[in-house]
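> For reference, the structure I am asking about is given below.
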């Protein structure tokens, strides 16, 4: 094997914790090597060491057989190590060319920037990536997929021999992800080595050559993709086999009382009109392709998106949800798709994030908060939901994605909200945490909570939901339940002009 990267015995300690303990990793030239592990397994820390962001406390980094010690990120870049972070590092106001050459502009003899030369170089890079980029437009005006390719182009413009891709498909459509995989295969053909981090095992089996698994900061093993299967990988990741991710569905009474009734909801002017109801203890799926209207309809329910509605009732009482505050008062809560930017205050503690929706719950006198009571409530919710963190005072931006999602759920439970809208609840979390979220959602429904689930993951829709509203071009094409909830039927209604009996669904 023509090894380009060899990590040997990498150990990293932070105050009070050993983040990595004796990690070994070998990556071959022209190989796509998957790095797997649950959130908190040590993947990010290991990659930050490789990129010069953190120094290792023990161990050796070798590139092409030569030991290296990176004092900073620039040293790693100079050695040919590039990384595309899950959260982009682009300057939104600058165009793609300026982002590619930021801080290292090409200049002529008089010190003037050689704009035409940099533009030609950028055009050549994107041509090699087989992607069309408007080189004059600010990157904020580009699609998420195009921004992803600008990040990759930036790394390649630095002559990266080893490219780290951290969850690169997290915000891409299936077609965009397929294009990315084609680009990765072409880079592989040219001899570029890649470390691919993803929670989607199907992607790893599609594009990777070998897999290294970490668990709890330790090396578990390396295997060839062709010699393993999903069950074996999951067991390596979590230390146990997860035979069934989805808890069994209970049999709900068809005449269960509706807790939310929506009559004639129209999200856009002259758009389709939908009617539906959510029953007590039910998980109702909103399925459909991106842009089908499922998310905009859910946002309209909490007053976060302007919409027309003839009538809306919560537990039989007419309500008018003009804004999220009115929805909160009516007992409707949203767990947004973007936890970090919309669902949490990252720099705040677990306690403060949970308490923020219900500050009056533990108020003393008029203006003072009983901090001890808040802490007790936070501890109870952490134990109830299985939030893994040292204390209630831990900052949420230090938690894994699964634990962050549990904190968002805890916030709504602290407010006694009984109608919950989960928007892409498992995006960016590992397979073990996904199973915990699925179990938690089913436990909540068994206790009488009513849930709307929006998900692009078809197995989640099929495996969790009691009924499924399938959206297409803003219209509910069908309301499926029972044995009708199966992948082919859902996709048929989501992609074809097939109408359910009518568009008034109770």
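Every residue gets a Cβ built from N, Cα and C, even glycine.
Heads up, here are the entries from Swiss-Prot:
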{"type": "DOMAIN", "residues": "5-241", "note": "domain 'ABC transporter 1'"}
{"type": "BINDING", "residues": "37, 38, 39, 40, 41, 42, 43, 44", "note": "ATP binding site"}
{"type": "DOMAIN", "residues": "254-498", "note": "domain 'ABC transporter 2'"}
> Using DSSP and collapsing to three states, where does residue 44 (ATP binding site) fall: helix, strand or coil?
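Where residue 44 (ATP binding site) sits, the three-state DSSP reduction gives helix.
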> List the same-chain residues at least 6 positions away in sequence whose Cβ sits under 8 Å from the Cβ of residue 40 (ATP binding site), in sequence order, or say none.
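Once residues fewer than 6 apart are set aside, residue 40 (ATP binding site) is near 216, 388, 400.
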> Using a Cβ-Cβ cut-off under 8 angstroms and a sequence gap of six or more, which residues of the chain neighbour residue 43 (ATP binding site)?
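For residue 43 (ATP binding site), the qualifying residues are 35, 36, 37, 197, 214.
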